[in-house]
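K.L.:
Can you keep this structure in mind? I'll have questions shortly.
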């Protein structure tokens, strides 16, 4: 059994986070509420450097509780689709993101464009990387789609499970080198825990790959082994990507997870070495 070394226990970068602490909610705009976490914390642990990442992609956020005041003081509401580049120096800590968005609630903005530009500026500065923001107004709420992840779901495999500790070695000897395939698989059984609070994070994951055929039972056991694992969403997806590359020798690979929302936000990390994210559509559990 592989021991799960904790690279975060002494990380000074996590000590000042508001996550897991009692917090006062501010209703007037304050960009300083945003807090970033260096991506290097996790990437160092899985032997990745910013100069030689094996993937591209984005952290795709949906903010369902965006509200502000217009120039006349009338409340406005919207949904925001936000994409944060995988290459940014920091990921954005989700509780701080929620507190930051709440600070818009009693703040006047001249128009929608001012809200969008403020979000891009503040999030880019916190993440130290590229951010795009699309604001969806109420008149477009009715055309928002609920979809299923593409591919074949592996959750109905009749396996017996007794070990819930993270173990990438479930992927060892999991491929048939004589069968080279291109397929898309998915699972709704992904669960990990918040790195700071240990609250459960519920997700669905899509794995699209080309290469030796992966044993689906072993893949499902591997995904289930995240059940007691403490890491942020983005870190889990990058870990899955690296493990699949290492153990399964995928020639091409995409890992895309969509997590259920918390505090009005959902986080949907996307990592690939051959394709790019399309439109963001929520799943039924989101």
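Glycine too: its Cβ is placed from the backbone N, Cα and C atoms.
Per Swiss-Prot, the features are:
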| type | residues | note |
| --- | --- | --- |
| BINDING | 92, 93, 94, 233, 234 | substrate binding site |
| BINDING | 94, 95, 262, 263 | NADPH binding site |
| ACT_SITE | 194 | active site, thioimide intermediate |
| ACT_SITE | 201 | active site, proton donor |
K.L.:
Quick check: of the recorded positions listed here (92, 94, 194, 233, 234), which one has the Cα closest to that of residue 262 (NADPH binding site)?
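P.N.:
Answer for the nearest of the recorded positions: 94.
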K.L.:
Between the binding-site residues 95, 233, 262, where is the Cβ count within 10 Å the lowest?
P.N.:
262
K.L.:
Round to the nearest Å and give the CA-to-CA distance linking residue 94 (substrate binding site) with residue 263 (NADPH binding site).
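P.N.:
Cα-Cα distance, residue 94 (substrate binding site) to residue 263 (NADPH binding site): 8 Å.
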K.L.:
Does residue 234 (substrate binding site) have same-chain partners at least 6 apart in sequence with Cβ under 8 Å from its own Cβ, and which are they?
P.N.:
39, 42, 59, 91, 267, 269
K.L.:
With a radius of 8 angstroms around the mean position of the C-beta atoms of 92, 93, 94, 233, 234, what other residues of the same chain does the substrate site pick up?
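P.N.:
Checked against the 8 Å cutoff, the neighbours are 37, 59, 91, 97, 232, 267.
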K.L.:
Looking at the recorded positions 95, 194, 201, 263, which ones sit with their CA no more than 10 Å from the CA of residue 233 (substrate binding site)?
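P.N.:
Final answer, ordered: 194, 201.
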K.L.:
For residue 263 (NADPH binding site), just count the other CB atoms lying within 10 A of its CB, please.
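P.N.:
Looking across every protein chain shown, the total is 15.
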K.L.:
Which Cβ among the recorded positions (92, 194) has the fewest C-beta neighbours inside 10 Å?
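P.N.:
Fewest other Cβ atoms within 10 Å, among the recorded positions 92, 194, is found for 194.
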K.L.:
Return the residues near residue 201 (active site, proton donor) by Cβ distance under 8 Å, restricted to its own chain and a separation of at least 6 in sequence.
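P.N.:
Residues satisfying the criterion: 191, 192, 193, 194, 233, 259, 260, 262.
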K.L.:
Measuring Cα to Cα, tell me the gap between residue 93 (substrate binding site) and residue 263 (NADPH binding site) in whole angstrom.
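P.N.:
The separation of the Cα atoms works out to 12 Å.
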K.L.:
What kind of secondary structure is residue 234 (substrate binding site) part of, going by DSSP in three states?
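P.N.:
Assignment for residue 234 (substrate binding site) reads helix.
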